[in-house]
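Asker: Handing you this structure, nothing more for now.
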Amino acid sequence: MKISYNWLKDYCKHGLSVEKLAESLTNAGLVVDTVSPVEDDFCLEVEVTSNRPDCLGFIGVAREVATIVRGKLDIPDVGYDTMDENINDITSVTVEDNELCRRYTARIIKDVKIGPSPGWLQKKISSIGLRPVNNIVDITNYVLMESGQPLHAFDFNKLSESRIVVRRAKKAETMEAIDGSKCTLTDDMLVIADFQKPVAIAGIMGGKDTEVSDTTRNILLESAFFDPRSVRRVSRKLGLVSDSSYRFERRVDPECVDWASRRATKMILEIAGGQAVEGVIDQNYLEDKKVCVTLKMSHLNRLLGLQIEKDTAKDILGHLQFSINSETEDGFSVDVPSFRGDVYREIDLIEEVARIHGYDKIPIKSNIGVKLTQDNQFDKITEKTKNVISGLGFNEVITDSIVGDSQNRHGTLWSETSSLKILNPIRQDEDLLRKALVHNLLRVKKHNQNYGVEKTDIYELSKVYLPKEDDQLPEEKECLCLLGEEGYLALKGVIETILNHLNIADSLESTHFNFGLFCPEKSAELRLGDSVLGFIGELSKEVISDYGFRSKPCVAELDFNILIDKTNLESSYRKIPSFPVVTRDLAVVTDEDVTWADIKRCIESLKIDYVDDIEFFDVYRGKQIERGRKSIAFRITFRADDKTLKSDEVDILKEKILTNLSNSLGVNLRA
Amino acid sequence: MQERLSEIKNQAKDDLTKAGSIEEVETIKTRYLGRKGGVITEIIKTIPGLPPEQRSSTGKSANILKNEIGKWIEEKKDGFNTSADGSFSLPLPRLKGEIFDVTLPGEHKPYGRKHPLTQTIDEIKGIFKKLCFDIEYGPEVEHEYYNFDALNIPADHPSREDFDTFYLGNKRLLRSQTSTVQIRVMEKKKPPIRMIAPGKVFRPDTVDARHASMFHQIEGLMVDEGVSFSDLKYVLTLFAQSYFGQDIKMRFRPSFFPFTEPSAEIDISCSLCKGKGCSVCSQSGWVEVLGAGMVDPNVFDTVGYDSEKYTGFAFGMGVERLTMLKYGIDNIRLFFENDLRFLSQF
């Protein structure tokens, strides 16, 4: 809402400088965004919150100012003389839908002289950015800005059968609006029509055919109250927004409908000449309900945490035009003025008193004391995980949950169901909720590579959205995605380090896994016990060339909920062994299809108490090994809790292990 | 073979005893241990060709000798760095002309960082934990009910306009505010409540330097008997002073949120211009950092709290905005491009 500093003084002689005015309004809840000089005046851009349509007019803002300075509000006089002819003799108004049109008033002014408005009027409306058109249109705009009540003037002679019908549009009816847009209407839209056709879309915009022009002599002046929700719906549907629709959809003051009509009529007579026809057509379907609210000072002071005197509260509300109708020791009751539809409870009155009294007067004090807080398990594990990953050199990234279809290009990880789709996306090609993080990380890698950052060890811990049936909310799976530049084993090592720090008892099992994103050789499904933890793999050639990567990244995506389930935060101390260990380094030759996991499992299956650790060294293929076979070197650490193991004892165990390996897996000691 | 090794051992001992300078020691080192042609090196190379029963023992002895000679060489060299009377002098160069450059840069291991937004959230969580607030989370895809209706924002109401929202059909949407978590927590728990809820929110805003379609908010809620606006001011003042510094100025001004009454917006004095007016604060000297208010009784009624008995306050803040203010970041998109040259600054 634009406010002219000079114009505002017509309604309240506040005596504030423009800076002080802006500050005072801001502190009362009407934020002044900008103050711009306009000739000898200032234009203030005031932010009016959606609960305060009463401040969408100068008088409403002046009322606030008058309350702030405890001054007087000057409301213009609206009396005028009329001719003998009665309005009912020359026109009629039929309201067919009184749900959508709650009140409709019409006045007629005859023999007006259309022309430019006088200079003072042009200057006023120009000061708030309105373009002068002609005296009649300028006056309706002036009164709209003054009162917040939208008005419309029809060229009365152009109305078929000289009458108004307020009805729903017929199917596929059309109308050209004043701004030139051609509207195709539907039967849920309220229109103002004459005998034949729509002449205005109710509360939104008038029609071109019946607008006031240079040849207009007689005017029908409309002032009405339209259902806010309906105006809002139609305005959105047609994509038509106007100063009128903006106010109607926020609810105009029912009692101002007639006042604004009188005010405009009086101004037309003064400025454009002519004569007012006697009387008014006023179809009023609004219930005349008085809202009465009681305020208890004890409630007010307890909620705000201060001490305000009853007289102060009464004074504030009085200036805001709430009328006090009864009083008790602790409080009083007020009648709420019709323009304050937002006030209907005690709490609303408390807010009125508080904001005018000043939030700065409320003390900054408290006795809220201490309270036991509950530890958030998710936060603890998240923090621990992120710390471990950071320590290993990975940077955290955060990417958009809304993605395009390319996320499915190389297959989907967690769900085959099609992604949730946004009905009103900003960009048509980005309208899906991601089902995996990995594609976003590849895009981050690509972005960095484009800017010359070659090594991107990154991770993200965020949600993916897996659709469920029908209208259910999706499963929001918390996933941990890692992208590393050092290959499969290095990234797997990162994951193992995380598991280790989270004290997870289940051992990590990897099985070959074929997935479009990964190179078939170096990719695996990762499991912890019965649960699928996630997937890991170096990128396939196709994906690497698709993104144009210059390195060969390895990625992993894990179900973080599984990590949370398996985490054991209550670790206990393990005694440091007091007897020395004995180690044996072994190199064995096996067929290609025997895995390290097989060998390890085979040794563990013997359940030898003294085996403390089995540590992998390396795999060797080459000259000294037969083609199609490989050599695996590892170390077994033996230890006893109660004695020093003798070399002979250990050698017996070693032989036992080797025999078992040979029998079960055909694995033999390297010659 | 064992005899040959013991000969070598004696010879090496002899050579080293006679050596009179560092250079001579280096020559001896090459003679015995050099990668190419060193006496011990050559012997080790022959081991695979020996009869199997000799391999292991010879290998072992050769290695022991290799280590022994290596040790003698180092001891001899150290001897040259110590003066005759045994006291230490400044270390002499190890080789002629070679000086260890102590000004060389240290060797770095990679260290990753948390995203700056995570760091901000962590810091804010830390502050509120000290004030005994719990941390709560809620879903990002929500029912319209939690995002609007339960928060006293009826359908077809202009107040919905303040919350442009992505819709998913069947009354589902991407939450446009973390206030949803207030409702979910109050449905589950009885007062007293003190909680904050950080998380992602989504709005179909035109993307520019200040607006992104996805960003982060932190919602806060405190409900108990007798909680007042004074408590609200107290808690949020402590927060702002803790996060922005003790010397900031604050301004509480009336505003409107459908789920609080009375409502407030909270400005702090612009840290860049110290309140004089600059582009960050639109010349006003103030920057808005928080929205807050006393919980509207309608919200309590919706979740089944006795609004006669309990009062409370709620607040919300934008994580990106706070982070941008703190570091002077001028473009919100930087957070989601994830350029490592940006991320590694925090």
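A Cβ is built for glycine as well, from the same backbone N, Cα and C atoms used for every other residue.
TrEMBL entries are annotated by machine, without manual review.
So TrEMBL says this about it:
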- A:288-364: domain 'B5' (DOMAIN)
- A:Asp342, A:Asp348, A:Glu351, A:Glu352: Mg(2+) binding site (BINDING)
- A:577-670: domain 'FDX-ACB' (DOMAIN)
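I'm curious about the neighbourhood of these features; can you describe it?
Answerer: For A:Asp342 (Mg(2+) binding site), the number of other Cβ atoms no farther than 10 Å from its own Cβ, over all displayed protein chains, is 20.
Each residue in the domain 'FDX-ACB' (A:577-670) has a pLDDT score, and their mean in this model is 91.
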Asker: Got a sec? Which of these binding-site residues, A:Asp348, A:Glu351, A:Glu352, has the most Cβ atoms within 10 Å?
Answerer: A:Glu351
Asker: May I ask you to report the DSSP-based helix, strand or coil state of A:Asp342 (Mg(2+) binding site)?
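Answerer: Going by the DSSP assignment, A:Asp342 (Mg(2+) binding site) belongs to neither helix nor strand, so it counts as coil.
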Asker: Please count the residues of the domain 'FDX-ACB' (A:577-670) that DSSP assigns to helix (H, G, I), strand (E, B) and coil.
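Answerer: Counting residues by DSSP class gives 28 helix, 32 strand, 34 coil.
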Asker: By DSSP, how many residues in the domain 'B5' (A:288-364) are helix, how many strand, and how many coil?
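Answerer: Once the DSSP states are binned, the domain 'B5' (A:288-364) shows 33 helix, 17 strand, 27 coil.
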